[in-house]
């Protein structure tokens, strides 16, 4: 769904995995927003604070705001600490995602769908490859994401895309090329983040609209950490020796994933019989 957004959004970032090999073309960044990102839209609604340690994005009736990383990456680990819009945030979407450009773009999404006061946020994840998305999984989290900072992470390598919340894996999208499932392997991506108005669909399918008397709606980012390959081509990045290049879930991680999905997942495209009356996409059965 992020591909329907203003394509100027960013950010992913804060748990660093072990040591990262610093071959040519491997970059490790541990966050100063002045150095790492550009605020790309919002007419001053995005602000870098505290000497580059904090970044706020705000939205009012006129506009939202967003930023993007200065570097592009082909594989890596991306962590972000994020405090979501508090109070009545119905209709708003806060994002942290990776994306390439063009009609055949790749994209890895964390989106946070706002809510009326007292109702839980929805954590929306999606994976696009070669311009095709529709691989949504949604979760409720086990904490109030507006009270404190929490870490949202993506590990992307040739075999897996793993989504983490506070170090707990909630999703593992595997490379199923053997089943003819497209997987992002060749297009460098930037990190994006934004706060924008999606009242037509974000909260209860658009039934709850944005209350503009509560504006401005402000989300706060910190702790951006990116460790990944910044070389110019897939062949060079395939030689990267960063820990993220080989990371996959061990038995304990797979059990964490199973429990998180059993407890917190509220939507899985693989079980949506309305969308897929002839059976789920091939990666759903292949991943079991």
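Think of each number as a place in line: the chain as shown, counted from 1.
Even glycines carry a Cβ here, placed using N, Cα and C.
Positions annotated as signal peptide by TrEMBL: 1-29.
If you look up TrEMBL, you'll see 27-221 marked as domain 'GH16'.
Around the Cβ of residue 107 (active site, nucleophile), a 10 Å sphere holds 22 further Cβ atoms from the protein chains shown. Here TrEMBL flags 107 as active site, nucleophile.
Marked as active site, proton donor by TrEMBL: 111.
Annotation comment: TrEMBL describes 115 as N-linked glycosylation site. Residue 115 (N-linked glycosylation site) counts 23 other C-beta atoms within 10 Å of its own C-beta, drawing on all protein chains shown.
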Using a 10 Å radius on the Cβ of residue 111 (active site, proton donor), the other Cβ atoms enclosed count 24
For residue 107 (active site, nucleophile) and residue 115 (N-linked glycosylation site), what Cα-Cα distance in Å is obtained after rounding to a whole number?
25
